[in-house]
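These come from Swiss-Prot:
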- Lys22, Asn23: phosphoenolpyruvate binding site (BINDING)
- Arg93, Arg122, Pro123, Ile124, Asp125, Gln126, Asp306, Val328: UDP-N-acetyl-alpha-D-glucosamine binding site (BINDING)
- Cys117: active site, proton donor (ACT_SITE)
- Cys117: 2-(S-cysteinyl)pyruvic acid O-phosphothioketal (MOD_RES)
Amino acid sequence: MEKIIVRGGKRLNGTVRVEGAKNAVLPIIAAALLASDGKNVLSEVPVLSDVYTINEVLRHLNAEVVFENNQVTIDSSKELNIEAPFEYVRKMRASVQVMGPLLARNGRARIALPGGCAIGSRPIDQHLKGFEAMGAKVQVGNGFVEAYVEGELKGAKIYLDFPSVGATENIMSAATLAKGTTILENAAKEPEIVDLANFLNAMGAKVRGAGTGTIRIEGVDKLYGANHSIIPDRIEAGTFMVAAAITGGDILIENAVPEHLRSITAKMEEMGVKIIEENEGVRVIGPDKLKAVDIKTMPHPGFPTDMQSQMMALLLQADGTSMITETVFENRFMHVEEFRRMNADIKIEGRSVIMNGPNSLQGAEVAATDLRAAAALILAGLVSEGYTRVTELKHLDRGYVNFHKKLAALGATIERVNEKVEEVKEQEVSDLHA
């Protein structure tokens, strides 16, 4: 079993560079299927297990995909298959993002119902609502969702009941080849939506208003391969901001975009963290004492749900009572029990978590319950007494590139080991970076 073993007590200092955004690259790779002429070349692509998975989905759909040196080249000019099977989709719910492009290109798509992190139900009903509004017929059964259209998709006015990021992306992609104009209202506003729109426009689409609540997509007859650079990962940047703050360290986070981090920055400054915008990125200096705050996750530009668990780790070190309320996903508090194993004073009340601090955390063996929880448990381990062993690293690998190595370079006492091979002695870990 692979584990990350971390010993607490080190202030982290230095420089770290964030990768291209996981939440941007996956829908962009899926949208590359829309190009029936030429090759798409994507740069700043992070080397993540989810990227390998979506690439395999595209290959199964008959696209040619080459991934090397943080660059993905995609040729989808051949006739595409219409089915994304369970063996791929079960690993990652973002696989459902191929549905819109397939429906637009082929008039038909058959996708296994998605997997990914076990965070509530996370239904795809808003995706399907959009496809139906554009003239598609949708059937769900036997573990698959199938959509087909006679002729071609037609532009429509679509109102999302919730500003779902995935639904906004999928509908926006499908609408690029629809006949007429699609107006998508109550659309998600995340930076990753803007990045996808920029990529679609580079291919020849006509998308306007991305980043606002109303997006207009004027359909075109054909899309072409293009070059595109993926935006930096704001969630990885936020995670390293917490690493600096929680250890009282001083970290320059290169390649971070300050405009994408406003809600995170606001809450951390409220806690007493010093944040300086520099030409290279964002510098974060942790205080001697953290102040308690309340946080409510919201769609962008509100506080991102993907930073909830990391901030929970930070608030466990704050002086006073803090509360985090989760409004985006249900059942995203599974990591609370793992924090309790580390001696945290923390409890769940409905859709909120109450924390009393500061906590003297104790190292323990804990299991990552999802991607961001994996990072949060490691962050908590940075300030725990003794050794923290984090298992279920498959979650971590879905969203972070060499996370333990980046932390080690900043001064953390941390190692990733495979205990199938041999039991790792605590002394061996304590000797790291001595």
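Each Cβ is built from the backbone N, Cα and C atoms, and glycine gets one as well.
Remember, predicted model here, so these are calculated numbers, not experimental data.
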Taking only same-chain residues 6+ apart in sequence, whose CB is under 8 Å from that of Gln126 (UDP-N-acetyl-alpha-D-glucosamine binding site), what do you get? Leu160, Asp161, Phe162, Ser164, Gly166, Ala167
I'm trying to understand the geometry here, so how far is the Cα atom of Asn23 (phosphoenolpyruvate binding site) from the Cα atom of Val328 (UDP-N-acetyl-alpha-D-glucosamine binding site), in Å to the nearest whole number? 16
Could you tally the C-beta atoms, other than its own, that fall within 10 angstroms of the C-beta of Val328 (UDP-N-acetyl-alpha-D-glucosamine binding site)? 22
To which of the binding-site residues Lys22, Arg93 does the lowest count of other Cβ atoms within 10 Å belong? Arg93
Tell me the Cα distance separating Arg93 (UDP-N-acetyl-alpha-D-glucosamine binding site) from Lys22 (phosphoenolpyruvate binding site), rounded to the nearest angstrom. 13
Helix, strand or coil at Pro123 (UDP-N-acetyl-alpha-D-glucosamine binding site), per DSSP? coil
